[in-house]
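Take a look at the structure below.
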Protein chains: 2
Amino acid sequence: MVGFSASVIRRQQFLVRCLGGYNNSSKNFCSTIRMVSSMSGGGPSLEVDALSILRSITPSLDNSRHKGQAGKIAVVGGCREYTGAPYFSAISALKIGADVSHVFCTKDAAPVIKSYSPELIVHPILEESYSVRDEDKNSISAKVIEEVDKWMERFDCLVIGPGLGRDPFLLDCVSNIMKHARQSNVPMVIDADGLFLVTNSLDLVRGYPLAVLTPNVNEYKRLVQKVLQCEVNDQDGTEQLLSLAKGIGGVTILRKGGSDFISNGETVSSVGMFGSPRRCGGQGDILSGSVAVFISWARQHAAKGELSMSPTVLGSIAGSVLLRKAAAFAFEIKGRSTLTADIIEHLGRSLEEFCPVSR
Amino acid sequence: MVGFSASVIRRQQFLVRCLGGYNNSSKNFCSTIRMVSSMSGGGPSLEVDALSILRSITPSLDNSRHKGQAGKIAVVGGCREYTGAPYFSAISALKIGADVSHVFCTKDAAPVIKSYSPELIVHPILEESYSVRDEDKNSISAKVIEEVDKWMERFDCLVIGPGLGRDPFLLDCVSNIMKHARQSNVPMVIDADGLFLVTNSLDLVRGYPLAVLTPNVNEYKRLVQKVLQCEVNDQDGTEQLLSLAKGIGGVTILRKGGSDFISNGETVSSVGMFGSPRRCGGQGDILSGSVAVFISWARQHAAKGELSMSPTVLGSIAGSVLLRKAAAFAFEIKGRSTLTADIIEHLGRSLEEFCPVSR
């Protein structure tokens, strides 16, 4: 994705101004957005100073804080087939510093996810079609949303999709959860089968500025086809990403790849530093859990009027660079053997390097 | 909580005398209660010499002892939703030095809690309403108490509440367990949803000197509202804590916070040393399991006439300072990534530092 146009540069300058504005109101923030020469195109790069952004939104820790103030995250995912993905997402949130991490999954998946870690709170409330009679669907669907609603207002961010599967009844229930999250103004990071759901039901997120979509190559392709009704064009990739985000009403899109590109239809940023050549499955789950935490932190600043830029964009940038650093650390030690759990074990070390506790 | 009054100081002096009395009959005990200047108020601090208290009640180990003499603890908690909390509480008891640690939980929760550790004895005896027909409730309730009664007299302390949930039928069964524990003079540490139960049914603990309540900010607020029918007043926090403990007939209250405050209606002590700024969920479970062990140890001294002060107060102080030290150790190593399991891994090291095996 090397293309960019004059309008993109203008938007990029707007981003720099925004971040400069942020700088005025927060002593921790470094406004530098590096407009360095693009390696590929010879023009200005979209690479942002992701480390400064990460530092600016990561809260300092002190003894006056109570449980929950550093973030309460919930992952909606986990079914008969998939149990690892929601675990990776939820545990990553804790390892970064969230205080509480929940998982809402199917009854089959719950004991397994619980057994991975006693640190998670796992709610076995979802059902797949194979276990539900048609005449019970309405009542079960109502019960699912009732259970989630008990908790909804306590959550700072939801992650929708890791290990969700594609069962139609389950996806209907998850659509309801997303509608209620939106009514309650709870941000959502949407990945994996959550993107399958959203690509087929764009209204679930259209125009919701607190939604982040995190597509990989194939998921991005399907989104472009559905929204822009064309194929992915990497010659003009930046413009296309802007159009896509704008086309869904200003949601934030984190396009994963060799470099990650982030846009909410107003600006495009990229994060290309660090990373690993290992492509083991599960890294997207670390990203979704991480972005959820950083969004919740960024929104704490936003609530104090300290941000003039979207918390979903800042959270995506911070989540991206943290995963890339942790993956690099893990690869340094484990090489070809690197698994997702190895990367998760380096989230803490990476965050400490960027943002020491004692700063 | 900075306020205190002349009556509090008088009670504090009473505490010092009590501990001095204790000193006369136990060579291990150090009577120093430091009446140092308060950081916040300029007057005498309520900070006790928690380390000396911990040392005084921790038993020395020798080869003449049998299994069970260092403590048999049972946690009542664990339901379909929550399995981590009872595990944390029960395993913490073992890590500190209890010989045996049981968990009484629901049938759904048992296999998961068992899977966390083969060290625990897990009884799948509780039921939630969703799995019980109305006409079976009486017989199931009778069976639950029959099962627990088989064990009751062997336990040195119960922990009521970690991961208990709020199912009304389950809470009815737990109320019965509490009544039987009280009849058998078994101490109880009550936390989490156990506090929800007790706040709504104060008679379960009223006037029982072997009950310890361990409320966090929100649980404390609800207790104050219910018992004192007013709001929490931190300007006169010490007096309010005394009134609260007295208002429930002399139960011990361990109010958790930046500093922990402990009162049984006669004295107020605080423990503010060590600690960590990380507020991940689950630390309260470590505390409840730890306090249970220390109470059982303190009661062994009490049985020999070696204590002139409440074993529940001494156990609360020792549990508080041990958790704070372990949390500080874990945070030193893991920083923002610190999770509850990391803190549990440092319980042993902390206790060894305070109270070396070879002393």
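Cβ from N, Cα, C; glycine included.
Quick look at what TrEMBL lists:
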type	residues	note
DOMAIN	B:50-354	domain 'YjeF C-terminal'
BINDING	B:G163, B:N216, B:V217, B:N218, B:E219, B:Y220, B:K221, B:R222, B:D285	(6S)-NADPHX binding site
BINDING	B:256-260, B:275-284	ATP binding site
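Features per TrEMBL, on structure.
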| residue | record | CB count, 10 Å |
| --- | --- | --- |
| B:G163 | (6S)-NADPHX binding site | 29 |
| B:K221 | (6S)-NADPHX binding site | 13 |
| B:K256 | ATP binding site | 21 |
| B:G258 | ATP binding site | 13 |
| B:D260 | ATP binding site | 23 |
| B:R278 | ATP binding site | 25 |
| B:C280 | ATP binding site | 26 |
| B:G282 | ATP binding site | 26 |
| B:G284 | ATP binding site | 23 |
| B:D285 | (6S)-NADPHX binding site | 31 |
Q.
Need this for a regression test: binding-site residues B:G163, B:V217, B:K221, B:D285, filtered to those with Cα within 10 Å of B:K256 (ATP binding site). What's left?
A. B:V217
Q | Model confidence over the domain 'YjeF C-terminal' (B:50-354), averaged pLDDT | A | 95
(Q) Can you give me the Cα-Cα distance between B:G284 (ATP binding site) and B:G163 ((6S)-NADPHX binding site) in Å, rounded to a whole number? (A) 11
**Q.** Neighbouring C-beta atoms (10 Å sphere around the C-beta of B:V217 ((6S)-NADPHX binding site))
**A.** 13
Q. With every protein chain in view, how many other Cβ atoms are within 10 Å of the Cβ of B:S276 (ATP binding site)?
A. 24
Q: May I ask you to report the DSSP-based helix, strand or coil state of B:K221 ((6S)-NADPHX binding site)?
A: helix
Q) Of the binding-site residues listed here (B:G163, B:V217, B:E219, B:K221), which is spatially closest to B:G282 (ATP binding site) when Cα positions are compared? A) B:G163
**Q.** Rounded Cα separation (Å) that holds between B:S276 (ATP binding site) and B:G163 ((6S)-NADPHX binding site)
**A.** 23
Q. Which binding-site residues (B:G163, B:E219, B:G258, B:C280, B:G282) come close to chain A, taking a Cβ gap under 8 Å as close?
A. B:G258, B:C280, B:G282
Q. Sorted by position, what residues of the same chain at least six away from B:E219 ((6S)-NADPHX binding site) have a C-beta under 8 A from it?
A. B:A192, B:L195, B:F196, B:T199
